[in-house]
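Q: Sharing a structure here in structure tokens format.
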């Protein structure tokens with residue numbers, strides 16, 4: 001395909017150019033660059049591509065830190081300050097288009113730590129005919145895996161543990177036919193927990209008998225799960241073996257918040273704490289209802305300043321962990337409702353402050369309807385997907401106005417944006 005000129009970044013992180021009037025969404029390309037591309041996905045109305053040659057280079061382009069950058073963090077090629085500025089522009093554009101209003105501020109909060117910030121990593125496996133088993137990521141936009149070196153996004157203790165696990169798997173002669181993936185998580189005290197997903201139930205005997213031995217200093221515990229090879233993502237179809245303690249504990253604003261390797265927990269805790277500081281003035285002495293609460297990392301971290309809290313979480317294990325965290329932190333005015341958001345609508349009161357931190361799909365429509373029916377005094381909306389956040393705020397706008405917002409770089413070197421919005425009745 002001929003060269004194209006990249007006009008701007010779009011939501012999702014690709015550079016947008018055109019060829020014959022058709023939009024080309026291009027990885028490894030920055031605004032204003034002239035690039036040669038190779039298509040990786042062709043649709044009737046658009047093409048996704050990767051730039052293979054940079055014919056005219058942006059002044060903001062820098063060298064990536066690792067060969068596999070497109071798999072894990074495609075914005076490694078972008079100057080870090082320009083990354084933050086670009087995220088603000090994308091967020092503003094999304095809000096203007098989907099919420100039909102302007103964000104109050106577009107500056108992005110960051111601690112300028114571009115690498116080694118992730119406390120969670122997931123690895124696949126790949127076999128090299130020379131070296132054997134290797135850790136692997138998927139190539140961007142494909143189902144093809146390639147081996148990786150230690151990832152620059154991961155906390156150093158995770159990289160070291162991943163390499164040690166790989167050595168143990170090689171020693172046990174495990175292959176890609178045996179192993180599906182491994183998820184590693186760490187707390188700031190450098191304790192690591194591992195979830196190992198295998199394709200063969202028979203591996204249980206190798207762990208139980210000690211034939212597969214994993215003794216790694218930083219690894220506090222690990223669990224081995226059978227996960228069907230018919231489903232690409234890691235699923236906990238059956239617990240085969242567990243050793244040590246797989247629960248980690250993080251200190252968040254002076255509160256002990258525990259979570260297992262498979263519970264949702266923020267991957268960049270220092271920046272997450274910055275968002276908690278920002279929302280403090282809006283919850284002091286308030287009765288809060290925390291939807292999509294997970295293990296309670298938001299409400300429990302604010303436990304000293306709120307009057308009471310109801311934590312609503314659909315995942316049973318996370319709800320149980322939230323209850324445990326409430327007990328450990330002696331928060332007597334807190335309780336957990338183990339239910340989905342749409343089945344716990346009666347918890348909303350007119351005097352309540354509602355906190356929502358939904359998955360990328362955004363708020364359930366029934367929850368939005370109930371919010372508009374009851375009209376709680378304030379809604380605090382933290383989101384990892386500003387497109388669905390903007391959509392939901394547009395639906396709430398007949399009764400609520402945006403009074404505060406802040407953007408966060410929870411995921412440096414990637415296009416992802418975290419957004420906090422406060423809505424007042």
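Glycine is no exception: its Cβ is also placed from the backbone N, Cα and C atoms.
A quick note: this is a predicted structure, and the numbers were derived from the prediction, not measured.
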Q: Given that TrEMBL annotates 266, 292, 313 as S-adenosyl-L-methionine-binding, name the residue from 357, 364, 366 that shares the site.
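A: The candidate from 357, 364, 366 that TrEMBL ties to S-adenosyl-L-methionine along with 266, 292, 313 is 357.
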Q: If you count the other Cβ atoms within 10 Å of each Cβ, which of the binding-site residues 266, 357 comes out on top?
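A: Most Cβ neighbours within 10 Å: 266.
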Q: Applying the rule Cβ within 8 Å of the centroid of the Cβ atoms of 266, 292, 313, 357, what extra residues of the same chain belong around the S-adenosyl-L-methionine site?
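A: Once 266, 292, 313, 357 are set aside, the remaining close residues are 264, 290, 293, 294, 297, 298, 358.
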Q: Using C-alpha atoms only, work out the spacing between residue 292 (S-adenosyl-L-methionine binding site) and residue 384 (active site, nucleophile) and round it to an integer in Å.
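A: Here the two Cα atoms lie 13 Å apart.
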Q: If you measure residue 266 (S-adenosyl-L-methionine binding site) to residue 384 (active site, nucleophile) at Cα, how many Å is it?
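A: With the alpha carbons as reference points, the distance is 10 Å.
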